[in-house]
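Okay, structure first, notes after.
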């Protein structure tokens, strides 16, 4: 809405103008009334209307003098419409010279005034757009020079005056980061730049209750920045925290997108702009350390004592073990523990980054060591570039969990494939070494397998449990020794891999229905019978 000030020494004229037309429908709002030029001048300075509808002949200061004073004193563009009961050509000439938009005679015709206001609104809208574009380009150019240190102090003061920020007492660089977008990492905002910039501009102005422009700077790294001045914070008693919190909530509600707000160091002079810009950007990674998603302020996080310790060794080892076991519940639990540790132990952002990348590369290395390929990890492309996507803490946890579970499944599949070949090697190894002190667990360790899974795979492949097969080999060999040698029973037990003679006898009897001694006697008796027959 464009603000209109009504000026006439006859009160009933102002009252009549209020009800004569539908101001709101035309895009205007009446911000006040004055009955002389002197009061009107003060109200123009305070209320900053875009349009002033004024009578010419008034006491103290008439309409033309008012226009002259405003044109001379104000840097703002104020549009004047003159109303008068006198069709005086000399007044009209002066009005044109002062740049008056139009001249309307009393009694005022509503259609005529509406037509004038409609035409004026088109001009104001165009001027506003052109001014905003010009100031935005000017601000962006100023920022570039402030950041590279090439802007001279005299130029900076001149630009600040042009942008109408030369009287501001302090400034903040507020950064708005668009989160969780995964396309075109080098310029994720892409076609949404204009939308985001305009939405931010309108919403900030609405919150601040001012038409003073917020200058936006596009960083081209999934973020836009905004210069917040002391004048913008008047409605918030100077509190950048209140302003940033309300802005973040409204942006989330209206855009339905997740964004992170970071506020840089407070500066009292634009020559220190680079400091506020750099500090706002430097605190972006802190979003991974706090479980609550809310604006981040440099003046708060700078006082947090952070540590650069590595993740607890046992926690990392446990995670990798559960990944190899493909234990989904425990994996998710341990990932939660890692992020809890970031916050509880106040990890420095760099330390948190190192931990996350260690987990990612640990998965990749394990898959590669087992003969796997990157294509077995569908989200690897996203995860190796996760730092460029401006993820929220919650989204990072989700993506990391998804990637790790992909890794766990890939490791399991590779193990199965590898075991299909290894299981025959295991069988051959058992056949060659059954007489030694071997077991399911020791062989599984030798072949880097889970003992339970190796036992299941052995049964599935050969139709017999591992323990039964090992026992069969030992008993068969013991029968051979009993037949072909005169070794004592305890010697036979030792030679076929039994550590206990009693256990050997028990197992032998279970499988043959007789003890080793009975088996040998039976063989000897059979030999004697054959000799008698001969």
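The backbone N, Cα and C atoms fix where each Cβ goes, glycine too.
Copied over from TrEMBL:
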- 3-121: domain 'Response regulatory' (DOMAIN)
- 55: 4-aspartylphosphate (MOD_RES)
- 424-522: domain 'HTH araC/xylS-type' (DOMAIN)
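In the three-state DSSP reading, residue 55 (4-aspartylphosphate) counts as strand. The residues of the domain 'Response regulatory' (3-121), classed with DSSP into helix (H, G, I), strand (E, B) and coil, number 57 helix, 27 strand, 35 coil. Residue counts for the domain 'HTH araC/xylS-type' (424-522) under DSSP (helix as H, G, I; strand as E, B; rest coil) come to 74 helix, 0 strand, 25 coil. Taking the domain 'Response regulatory' (3-121) as a whole, pLDDT averages 86 in the prediction.
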